[in-house]
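A.B. asks: Just dropping this structure here.
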């Protein structure tokens, strides 16, 4: 699948109103995905602060419709470059920024919007300000470049080529190992539940264990959204290619691990973003009681005198779909001379205030849900 076909797919995705999104079968899953992304950006923000930078220069690669613009504002960004292959998505991102600018006047970061195929073009040639980036983010999009080795290498070079030593590269992408395991254990090379269906194009290739490192095409349909072919990106391979570009791994977690890691510090924001469904209630999103067996068991396990009436949860199908993704963080290596010259940095507290939480929550409701990147368009 060519980059022009990917662009055409995302350009055709229709925007859905807030009320319409609330009726979606994956409403809570989308909110949870956005919460995970918020926590990931918050983690990166702290690491950048620890590197002595309080107002980072940011590259938002495969930015889609600009769903993270408010997040960059809250992160204190001074300058952001937003690049995407889909021209309609970039137009919508520009409109979002104009709305933010009108509200905040001059108290906002500057932005350059670029329509570019980052699997073929040298993005640096298109960027006006040649200063290096402190932070690069690529959400639910990196794996599209793994159509072939050349495309993947160019995309990753664009991602980290202008990243300063000590700078951070974060992202989310489908967990190739988990997806392959799920398809192999399904019927006819596919996995399906109430909210998603994943199929591998070459069933014989899958059955024989001959899935290639590049060009391994699969289809991920989510909540009856338009299906755009994608490519598996094995994380050990992603890590290897980035290490060739002087990057070092900071962390990698599947979404289940990430949620457990960030749950306590981010609980209030998760509640504000409606990332969990209240169980039991009269209008559960799942179609059967089987979707909530674990939640029911946990409630029933409480002693009679301590029993609570409700709890927050996700349906079984939403949880299975969420577990198909992972988050990662890399850092650009510093030279020995740079390490020697370093002095302790004065860091800025990273915890979000209540007002910041309210702002990002309102942003997620009004805008980011249109932009859960791969999840949203099929989620930015």
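Cβ coordinates come from backbone N, Cα and C, glycine included.
What Swiss-Prot records for this protein is below:
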- 24-333: domain 'mRNA cap 0 methyltransferase' (DOMAIN)
- 33, 34: mRNA binding site (BINDING)
- 37, 62, 84, 117, 139, 144: S-adenosyl-L-methionine binding site (BINDING)
- 65: site 'mRNA cap binding' (SITE)
- 71: site 'mRNA cap binding' (SITE)
- 96: site 'mRNA cap binding' (SITE)
- 143: site 'mRNA cap binding' (SITE)
- 230: site 'mRNA cap binding' (SITE)
- 325: site 'mRNA cap binding' (SITE)
- 336-380: region 'Disordered' (REGION)
A.B. asks: Taking the residues the record says bind S-adenosyl-L-methionine (37, 62, 84, 117, 139, 144), how far apart in Å are the two Cα atoms that sit farthest from each other?
C.D. replies: 24
A.B. asks: Quick check: of the recorded sites listed here (65, 71, 143), which one has the Cα closest to that of residue 37 (S-adenosyl-L-methionine binding site)?
C.D. replies: 71
A.B. asks: Around residue 71 (site 'mRNA cap binding'), how many other CB atoms lie within 10 A of its CB?
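C.D. replies: Cβ-Cβ neighbours of residue 71 (site 'mRNA cap binding') within 10 Å number 23.
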A.B. asks: Quick check for the class: what is the C-alpha distance, in angstrom and rounded, between residue 96 (site 'mRNA cap binding') and residue 84 (S-adenosyl-L-methionine binding site)?
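C.D. replies: Residue 96 (site 'mRNA cap binding') to residue 84 (S-adenosyl-L-methionine binding site), Cα-Cα distance: 15 Å.
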A.B. asks: Among all the protein chains here, how many other CB atoms are within 10 A of the CB of residue 34 (mRNA binding site)?
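C.D. replies: Other Cβ atoms within 10 Å of residue 34 (mRNA binding site): 30.
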A.B. asks: Which whole number is the mean pLDDT over the domain 'mRNA cap 0 methyltransferase' (24-333)?
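C.D. replies: Overall, the domain 'mRNA cap 0 methyltransferase' (24-333) comes to a mean pLDDT of 95.
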A.B. asks: For residue 144 (S-adenosyl-L-methionine binding site) and residue 33 (mRNA binding site), what Cα-Cα distance in Å is obtained after rounding to a whole number?
C.D. replies: 19
A.B. asks: Near the Cβ of residue 84 (S-adenosyl-L-methionine binding site), how many other Cβ atoms are there if near means within 10 Å?
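C.D. replies: Around residue 84 (S-adenosyl-L-methionine binding site), other Cβ atoms within 10 Å: 27.
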A.B. asks: Under a three-state reading of DSSP, tell me whether residue 37 (S-adenosyl-L-methionine binding site) is helix, strand or coil.
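C.D. replies: Looking at the DSSP assignment, residue 37 (S-adenosyl-L-methionine binding site) belongs to a helix.
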A.B. asks: Measuring Cα to Cα, how many angstrom lie between residue 65 (site 'mRNA cap binding') and residue 84 (S-adenosyl-L-methionine binding site)?
C.D. replies: 9
A.B. asks: Just going by other Cβ atoms within 10 Å, which of the recorded positions 37, 65, 96, 143 has the emptiest spot?
C.D. replies: 96
A.B. asks: Please identify, among the recorded positions 71, 117, 139, the one with the smallest Cα-Cα distance to residue 325 (site 'mRNA cap binding').
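C.D. replies: Out of the listed candidates, the nearest Cα belongs to 139.
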A.B. asks: State the Cα to Cα distance, in Å, between residue 84 (S-adenosyl-L-methionine binding site) and residue 71 (site 'mRNA cap binding'), rounded to an integer.
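C.D. replies: Cα of residue 84 (S-adenosyl-L-methionine binding site) to Cα of residue 71 (site 'mRNA cap binding') measures 18 Å after rounding.
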